[in-house]
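Student: Have a look at the structure that comes next, please.
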Amino acid sequence: MAVTTEVEAPAPPSSEAAPPSRRGLLRYNSPLAQVSLLGLICFCCPGMFNALSGLGGGGQVSNATADNANTALYACFAVFGVLGGAAHNLLGPRLTLLVGALTYPLYAGSFLYYNHHPRQAFPVTAGALLGAGAGFLWAAQGAIMTSYPPPNRRGTYISLFWCLFNLGGVLGGLLPFAFNYHKDPTKPASVSDGTYIAFMAFMLAGAALTVVILPPARIVRDDGTKATRVTFSSPATEGAEILKLFANWKMLLVLPAAWASNFFYTYQFNNVNSALFSLRTRGLNNVFYWGAQMIGSAGIGYFLDFGFASRRKRGLFGIVVVAVLGTAIWGGGLANQLKYGEAVKNGDGKLANPIDFKDAHRYPGPFVLYFSYGLLDAMFQSLIYWIIGALANESQVLSRYAGFYKGVQSAGAAVAWQIDTHKTPLLSQLVVNWGLMTISYPLLALLVFLAVKDEDTSVSSVEDGNGNKGSKLSAPTSFH
């Protein structure tokens, strides 16, 4: 029988209440320390993966190998993302994160191999294995990030994690910029071996960091309450609960947003960054793309915690802000596509004369657009995580919700990579991305209106997926 966790209700003011824990930013068993460690793990693993993917084509001249590897990756991610919540509930966060993290350096290594032996079998196989590992890692990440923080600071903790995670993309963008700076910017080229080796070194360091993640039952908030308490689960229970997610009305309202939230990466990485810019400029662009994510996440996270007294109003207004900004940015993307689309098509997917960062006339406009895409991505995904964290109290339920989100997200990404492989017109790809995000806004607003509470009443244990009606009273709805 495996150990899982659920959020502990606030301790009553009695002699049996948990003793106050030692305060301090450096307390190892605090939610802040554990979320920060999680951010560092994701800095090294998915953060560096994002930097590699952001180059377009995995850093290769042709996008074909990376498209097929990413299709295998996200197809497996779609399955193991949904199963990842169950894996977290059965194995605990430390082992789940370790298994997931070890698949990242294998993927980077496959492209190092491809530099010398241009056969697709290894990158595609490594992509499939990474899909399984990423499903585990992100399910554990979702459970930790939504259940450990104090309920009134969840947005702040999400933005802290997002900033640490995206520092990996910032530093990872500097690696190909530095290693490939002296290559002729007018000629297409693959990144150097040293670039892939540097990515692998960071990813291995991230895998090593997973061993310092504490068991959930040892996490204590600054007010002395435990973030979790130990319960038990089984494969049969987890299988049944996963199947219920596909009929859960809350998850069905999240589904279009989840599908859209990684769908646009293919277009942005392959058909904006890779198609328009020189190799070294693609690395530099990624520094700012992932840096913009830090800004976007910090901004939306602060607002979702402090914008209004009413949590429901904060959620609804956050959706409005993201919707307005998203419409403006995709409108700019349409203008850029109409300007460069024909030249890219005539150049077999690349500009014949790629834009370099030293080109003062052509560079600023497409650069600002690419920066804005990163800003929007972080705001959109941070908003979704905040909403998911507002739907349940229990860590085990939230891990399933996070797994469902990542699974659907990855299914959408798998489809997007194949759409690009089949040379779908770039204008059509842009319109589909814009449309998917636009459809998701009113559905998220409906979810917030119906499911996010403000009053301090307890949450039904049945509603949260716990059929044990005789269990200890659930935490108040401030944990929603």
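Each residue's number is its place along the chain shown, starting with 1.
For all residues, glycine too, the Cβ spot is worked out from N, Cα and C.
So TrEMBL says this about it:
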- 1-20: region 'Disordered' (REGION)
- 459-480: region 'Disordered' (REGION)
- 32-52: transmembrane segment (TRANSMEM)
- 72-90: transmembrane segment (TRANSMEM)
- 97-114: transmembrane segment (TRANSMEM)
- 120-139: transmembrane segment (TRANSMEM)
- 160-182: transmembrane segment (TRANSMEM)
- 194-214: transmembrane segment (TRANSMEM)
- 251-267: transmembrane segment (TRANSMEM)
- 287-304: transmembrane segment (TRANSMEM)
- 316-335: transmembrane segment (TRANSMEM)
- 367-391: transmembrane segment (TRANSMEM)
- 431-452: transmembrane segment (TRANSMEM)
Student: Below 8 Å between Cβ atoms, which of the listed ranges 72-90, 97-114, 120-139, 431-452 makes the most pairs with the transmembrane segment (251-267)?
Tutor: 431-452
Student: Take a look at 97-114, 287-304, 431-452 and tell me which one has the most Cβ pairs under 8 Å to the transmembrane segment (194-214).
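Tutor: Answer is 97-114, with the largest number of Cβ pairs below 8 Å.
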Student: With CB pairs under 8 Å as the measure, which of the listed stretches 72-90, 287-304, 316-335 comes out on top against the transmembrane segment (120-139)?
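Tutor: Looking only at 72-90, 287-304, 316-335, the most contacts with the transmembrane segment (120-139) come from 72-90.
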Student: Going through 97-114, 287-304, 316-335, 431-452 one by one, which has the most CB pairs that fall under 8 Å from the transmembrane segment (160-182)?
Tutor: 287-304
Student: Taking a Cβ cut-off under 8 Å, which residues six or more beyond the ends of the transmembrane segment (431-452) line up next to it in the same chain?
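Tutor: Sequence-distant neighbours of the transmembrane segment (431-452): 250, 253-254, 256-257, 259-260, 263-264, 267, 311-312, 315-316, 319, 322-323, 326-327, 330, 333-334, 380, 383-384, 387, 390-391, 412, 480.
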